[in-house]
Amino acid sequence: MSASNAIAGRSPALAWAVHLSVVLLVVLWTIPTAGLLISSFRDRDQISTSGWWTALAPAERNLVARSKAPDAARQEGGEWIIEGNVFDEEEGAGTVTAFGVSSRSPTAFAPGDVAERGDARITVQADGQYRIASEQQPEGRRGTRLFVTSKEPPRWTVENYRTVLFSEGIGRSFLNTMTVTIPATVIPILIAAFAAYALAWMEFPGRALLLAVVVGLLVVPLQMTLIPLLRLHNSIGIGKAYLGIWMAHTAFGLPLAIYLLRNYIAGLPREIIESARVDGATDFQIFLRIVLPLSYPALASFAIFQFLWVWNDLLVATVFLGNNEDQLVMTGRLRELLGSKGGEWEILAASAFVSIAVPIAVFFAMQKYLVRGLLAGSVKGG
Amino acid sequence: MEQIMWALFTMTAGVFGCVAYFFVANRVLDAALPARGENAGRNINRANAIRPWLFLFPALAVLGIYLVYPVLNSIWLSFTDASGTRFVGGDNWRWLAGDEKFRESLGNNALWLIVVPAASTFFGLIAAALTDRIRWGSFAKALIFMPMAISFVGASVIWKFVYDYRGEGSDQIGLLNAVVVALGGSPEAWITTPFWNNFFLMVILIWIQTGFAMVILSAALRGIPEETIEAAVLDGASPLQIFWRIKVPQIWGTIAVVWTTITILVLKVFDIVLAMTNGQWGSQVLANLMFDWMFRGGDFGRASTIALVIMLLVTPIMVWNIRNVRKEERR
């Protein structure tokens, strides 16, 4: 297509270097997310004992099983026998690779070997079957401890997702996030579109100044607004409620919305609007019948931006919504999980994936508009 | 479910409210100043002078109440006590100047400001240049761009799985330590090692922002006039020379835009630090410090003062943006 392609084509070594570098970049950029996705489908024991990249290999697990209690022993040919399977109490099956009878040497014996402990002869087979034989009738109330190292096939499960969706409150938070996002995405669009039309096609004093103000407001740190708005909401009785966060998100999205839409609407062909004016259409009619339908791509761009921003927001939600069950959004919930249940990896992984799945789906479906919006939205330099 | 219904209802009401406002306001204006009769000419002029403000009113009201007023109010609050009611002069600023955590945050923010925009822009530029040359480039772009869609908190969880640390000898479940151990090194607690942990937090933001830089720079690279490149090819320039000497200088403007956009984001970054370290182990930044004083400290005066520092740091970029737009408008 271009001269640069011709150069790349001329030198096969360079072409290979380019391909390899891009592969490397892509791998580096996707591996962290892939790790999370794979982790979220792994068994909770395996997730915290081995890396996700071993998810396909059998996992080694150490477990301490207790044999059946001595009163389960039966007499057989002058010996007292206790039999069972070490995997009975632990779910899942595996292959025993080693076992032991004391905590000091938990891998002393190979499966099938006979370990002696007191007058008892203990053996564990590869399939987990154990047999404890002794001459005296065993006494006591608790069984013998068996230390077993087993290889287990990788276990894949959707259990983590079931847990987080139905018992960890993520399902509820998902609804809360939806509740915040839908109005906060739609309401600013219309308000901004009217303002953008006025800034693009109507003559009035102070237009340039207003545009400058909008551009300035684009970069105002939200931190500047939080405390006054919180006090405002409290004093007029909104408090911490959805109405407050809808208003806040609408306002924080407006500068970008106005700027994006104005750039787009100002670029519409002058003839269309002028000829409509000549035909006697009012500005209101021109806006509704001509400008709004033509601006669909810009509206979509902004909608995606606002959707991603609101869905992923933590700061605004923490400040303007409460921490209770029917207001905690997903990012807030994730943050709580990170703090309180940092060790429960399977909960964390599945929750995180539930929360990022929606924006990623939107991202891949609407990438075209997102890119277009980015290109129009970044203040042009030089 | 009930609140989703509420949300949908509010959305519908909001949209219809907007349409109704614009419709009714226009009708009222047309009725009050009819474009006929003896004063038709004067009425049309007046109506045309008023109508823009009808269109602008909702936006201006929301912007005024939710952005302009709070900014001005925050400036006032930075001179008041913890409850935001009593004027205390420069006390907050004096406290800030002597505060250990503030100095730490300022230093860390400076690091973030140097490293993140530079690294994101650099990687973005490289990714843009490389992906534009190959056939599966748009697929590669989509994957590098994808972290943009992930929330900072989600990204923190993702990277927690990369940075996890287990004591020496046990199986590492964090990718980074696993690689280090496989190469013969000993595992490190990346996130709790003061100073260096800043860089590991920065990596998360670079990971997110590179896609943004790539998309914008790729468009700029494609917009470079072919003739300049052809001329360089004829002069026998190597591909690397063409890239660094011919292409990059022509997109300086765009690079500056990408750089400043990421700079602003860096100044506001807070979620990553809050979720990963909450400012412990010497990793505090201004935005999280402000959040800390607002929520845990409950000191509105001090929190506003810190917010104002962030605002002051953003101001030069704001002025630069406004000047650029005005230049653009005049053209």
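The backbone N, Cα and C atoms fix where each Cβ goes, glycine too.
TrEMBL lists B:6-29, B:50-69, B:110-130, B:142-162, B:199-221, B:251-276, B:300-322 with the feature transmembrane segment.
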Recorded stretches the transmembrane segment (B:110-130) and the transmembrane segment (B:6-29) touching, at least 3 CB pairs under 8 Å: no
Stretch with greatest number of CB pairs under 8 Å, the transmembrane segment (B:50-69) reference, B:6-29, B:142-162, B:199-221, B:300-322 candidates: B:6-29
Folded-back contacts onto the transmembrane segment (B:6-29), same chain, C-beta under 8 angstroms, at least six residues removed: 47, 50-51, 54-55, 57-58
